[in-house]
Each structure stands twice: as structure tokens, then as C-alpha cells.
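Asks: A single structure is presented below for examination.
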Amino acid sequence: HNCVSAGITFILSGFSEYPQLQVPLFLVFLAVYTVSVVGNLGMIVIIRINPKLHTPMYFFLRHLSFLDFCYSSVTTPKLLEILVADTRTISYVGCMMQFFLGCTLVITETFMLAVMAYDRFVAVCNPLLYTVAMSPKLCSLLVAGTYTWGGLCSLTITCSLLKLTFCGSNVIHHFGCEYSAIISAACSDSYFSKMTCFIIATLNEVCSLLIILASYIFIIVTIIKLPSAGGLQKAFSTCASHLTAITIFHGVMLLLYCVPNSGSSWLFIKVATVLYTVVIPMLNPLIYSLRNNDVKETIRKLVNTKMFSHPM
């Protein structure tokens, strides 16, 4: 029956129930996506060109920006397309690919944020051993581990979706191939897939949050013991932007996947998905660049060189 499924085309409902909002939404999402692409790619370039930023923290941040850039690029172009095009279709293969990539990137980002919490823990609690403890080899291993784990989890969930049959109405009540929207379009029993997704999502959420909580408990204990207020300020400022990013990311994830969705409307799911597919990737570079003097300094230098290198 999967050969039959492979030939189908899904219709993405998007925000079609609000015809008058199509153009305003298109313009808003296009603006946010542009800021996101420029912000994340800018962040990668800034970290590469400023030797001061060649530290483990920025190594992870560069990967976070890469993940955010990829993630918004997996979903947003299709969203923009269905807002202005008459045909709002996506092929079965395209849909599964979009789901697989999106899922991989979300799980990888979940653990990238956990790795960054561990990095902050080492920086605050063992500042003298920081460069030794967070060696380039360990950093590369941690990053490779997050990508591999993200890919494996996503592959498992995607395979459970490939076992489903689709017949009759192939409408996906969403602007992209989001998990619950694919499940509700299937006409075969989806219990196995739901259990698979639930176990993996819960395991990942619990593990990543435990790493983050443990890291921050140690950080807080260390900060409390610090004699000087200056040290306190410095320790807090290193963690503030990371904490902001985590709170927004996990807050939306928990809202979307841990609130029983029998009562939640498609509109709620779409809005929540917009938050983490379109808005969060835009916020992360802003959160990190606005709070960081080294990043601001690099941007200032770049702007000045560009300004003065062009003849008036």
C-alpha cells in the first residue's frame, strides 16, 4: 500500500480560512524570514571572522545559527508559496522529506541548547580549566553527537509515518507537514506512530531539560558563592541570553506537544508552529547579538570598513 501512498499529493490548507489575511501574512512572514536568514548567516560570518569569538561557546552558537537558518528554510518558503499561489499542494515524498528534515533540525537544536548549557556550566564553575575541559575535539564530538541523534530520532518517527495509508481526503490542515497534521490525514491506524513519537519526544524533552537544569543549578550555586558582585554580574550575563533562548524554545515545544491536543484547534497548532518555525530562528541571533559586546563590536567594525572603503 505504500506504493499507492507514494503517488499521492497533499493539499496544504495553510491559512486559507482567512482569505483577507493572505497578503498581510505573506508580507509579515517574508519580513521575518528575511531577518532570520540575514541574522543567522550574519552570525555565522561574524563568528568566523572575529578571532576573539573562536571559543567553544561561539562554536556552538555558530551551529545553532546554522540549524535555525536551515530550519526556517525547510518550512517558510513553502508557507510563503501557499499564501500567494493558487495551488497549495505538496507531493507525498516532498511532505515526508520536509517532515524528516524539520524533525531532525528541531531535535538537534534541542540538544544543541543542552550542550550550550553544559558549556556555560564549565565556563562558570571551572573557569581556569575551561579551555582544557572544552577541547576542540570534545566540542566537535558533542556537535556531531547532536546531529547524529537528531537524524536517528527523526528517521525513526518518519519511518513510523511511512507505514500509514492515506485515502480519500488528502487535506493537511497546516501550512507544512507537521506531525499531528499528517497523522490526522491518514486513514489507517496511527497508534504505533503516535506511541513512537510520544516516547521519542518525551525522552528528548526530559533528557535535554535535565541537562539544562543540572547545569544551571550548579551555575547558580557557584554564583551564590562568588564573593564579588562583579563576578556575579559577569556570570549572569554569560547565561542570560542562553536562558532566554531556552525558555522560548522549550516553552513553545511543551505547549505544542505536551498539551493534550484533542481540545486544541488547528489554529492554535498553526500559530504555535509559526512561533518555532518562523519566529524563534529570527529571535536567536537577535538575543545573542544584542546582549554581546564582542558581536556588536565586530558588526561595528564591519559597517565602518564597508562605509569607508567605498569612495563617496
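Even glycines carry a Cβ here, placed using N, Cα and C.
According to TrEMBL, the protein has these features:
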DOMAIN    39-288  domain 'G-protein coupled receptors family 1 profile'
TRANSMEM  25-47  transmembrane segment
TRANSMEM  96-118  transmembrane segment
TRANSMEM  138-157  transmembrane segment
TRANSMEM  198-223  transmembrane segment
TRANSMEM  235-257  transmembrane segment
TRANSMEM  263-283  transmembrane segment
Asks: Is it the case that the transmembrane segment (198-223) and the transmembrane segment (96-118) touch, counting contact as three or more CB pairs under 8 Å in which the residues of each pair are 6 or more positions apart?
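Replies: Contact criterion met.
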Asks: Looking only at the domain 'G-protein coupled receptors family 1 profile' (39-288), what is the mean pLDDT?
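Replies: Per the prediction, mean pLDDT sits at 87 for the domain 'G-protein coupled receptors family 1 profile' (39-288).
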